[in-house]
Amino acid sequence: MAKKDYYEVLGLQKGASEDEIKRAYKRLASKHHPDKNQGSKEAEEKFKEINEAYEVLGDDQKRAAYDQYGHAAFEQGGGAGGFGGGFGGADFGDMFGDIFGDIFGGGGRGRQRVVRGEDLRYDLEISLEEAVKGTTKDIQINTLAHCDSCGGSGAEKGSKVETCPHCHGSGRIRRQQGFFVSESICPTCHGSGKKIEKPCRNCHGEGRVHKKENLSVKIPAGVDTGNQLRLAGKGAAGENGAPAGDLYVVIHVREHNIFERDGSNLYCEVPISFATAALGGEIEVPTLDGRVKLKIPAETQTGKLFRMRGKGVASTRSGYAGDLICRIVVETPVNLTSEQKELLHKLEESLQGKDLSKHAPKSSGFLDGVKKFFDNLGKSDK
């Protein structure tokens, strides 16, 4: 009887991702597990098919061989690479596991692998002021915690917990398929290495339950968008009582209506009046520490930069603060009265003529350049 396509068994397309394969396996294995379908031969066979499919598709090397050669890659006595003999079905994975296990303190069988829980991610948005000064934020995360009823064992109190007879407590099965030595999660105990007489009613034998947890996160001064804060042991609890993973808080700093940040420096545009630009004066500039006086020299133009040292963001590494860089924008007056317009006309007239290059050198230079351009253009037409 021809074997079914492994992707078809898991209800997937050939290009399925690792996560999709893992999710499909967990869903189908739970649905067709013998404990939930006692006495059903059909469910038992389906369960075996699911585990066999995942054993291949869940391993990158074996999946690549299957995609290229199909089931022939795992047949005894040969396969894709032309190897013969099949070594009489000996399980070399177990053989080497036992040898090296003895050398390093323990056999290859009977040892359950302790796998800590999953790492979690939490995206946290803060203001620029909070990023610069540092703050403490209260957050709530969705996580997996060890079941309080069974202490993470997955068994009802007083229930027998025995070593899984299929994997001998290791939680994994090794076998040879063709020229591959495979290792997969034990289909009987799902990797726990244990056989539970009565599963915990609270967690249904999983040992973990979904939970909302409130945490207080200290944000150090100087953080920026993309920085990650690691909270060790605040991730999901591990299976079978294993330690929890970590929580990574990813920082996102909101845009500010005045300042722009580039590393440890802050930038802002400072508008000044036409008169202040021409005559000079003193203005107030906003900083994250409050208002600061800034002297504007006479004849200041738009685009002039003023650097206020130490008014930026303190580096999380060196502790030294960057600078605040102010870019001047000379504001053109609007909504003028007739009298104000008349005064500006008189000022304009007084600046024209022979003294234009003295009072407005850029305008004078521009007009001279335009005149020369058209003069040369006229000569080339002749």
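Cβ atoms here come from the backbone N, Cα and C positions, even for glycine.
As annotated by Swiss-Prot, domain 'J' applies to 5-70, with the evidence given as sequence analysis. What Swiss-Prot records for 134-212 is zinc finger. Taken from Swiss-Prot, the feature Zn(2+) 1 binding site applies to Cys147, Cys150, Cys200, Cys203, supported by sequence analysis. Residues or ranges marked as repeat 'CXXCXGXG motif' by Swiss-Prot: 147-154, 164-171, 186-193, 200-207. Annotated Zn(2+) 2 binding site per Swiss-Prot: Cys164, Cys167, Cys186, Cys189, in sequence order.
Projection of Swiss-Prot feature records onto the structure.
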residue : record                : contacts (Cβ under 8 Å, 6+ apart)
Cys147  : Zn(2+) 1 binding site : Gly154, Cys200, Asn202, Cys203, Glu206, Gly207, Arg208, Val209
Cys150  : Zn(2+) 1 binding site : Glu156, Lys157, Cys200, Asn202, Cys203, Gly207
Cys164  : Zn(2+) 2 binding site : Gly171, Cys186, Thr188, Cys189, Ser192, Gly193, Lys194, Lys195
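The binding-site residues listed here are Cys167, Cys200, Cys203; among them, Cys167 has the most other Cβ atoms within 10 Å of its own Cβ. Counting same-chain residues at least six beyond the ends of the repeat 'CXXCXGXG motif' (147-154), those with a Cβ under 8 angstroms from any Cβ of the stretch are 161, 192, 194, 196, 199-203, 205-209, 237, 240-241.
Neighbour density at the Cβ, taken as the number of other Cβ atoms within 10 Å, is lowest among the binding-site residues Cys186, Cys189 for Cys186. Listed in sequence order, the residues Pro165, His166, His168, Gly169, Ser170, Gly171, Arg172, Ile173, Pro187, Thr188, His190, Gly191, Ser192, Gly193, Lys194, Lys195 complete the 8 Å Cβ shell around the Zn(2+) 2 site centroid, once Cys164, Cys167, Cys186, Cys189 themselves are left out.
Across the repeat 'CXXCXGXG motif' (147-154), DSSP helix (H, G, I), strand (E, B) and coil residues number 0 helix, 0 strand, 8 coil. Other residues of the chain with a Cβ within 8 Å of the Cβ centroid of Cys147, Cys150, Cys200, Cys203, the Zn(2+) 1 site, are Asp148, Ser149, Gly151, Gly152, Ser153, Gly154, Ala155, Pro199, Arg201, Asn202, His204, Gly205, Glu206, Gly207, Arg208, Val209.
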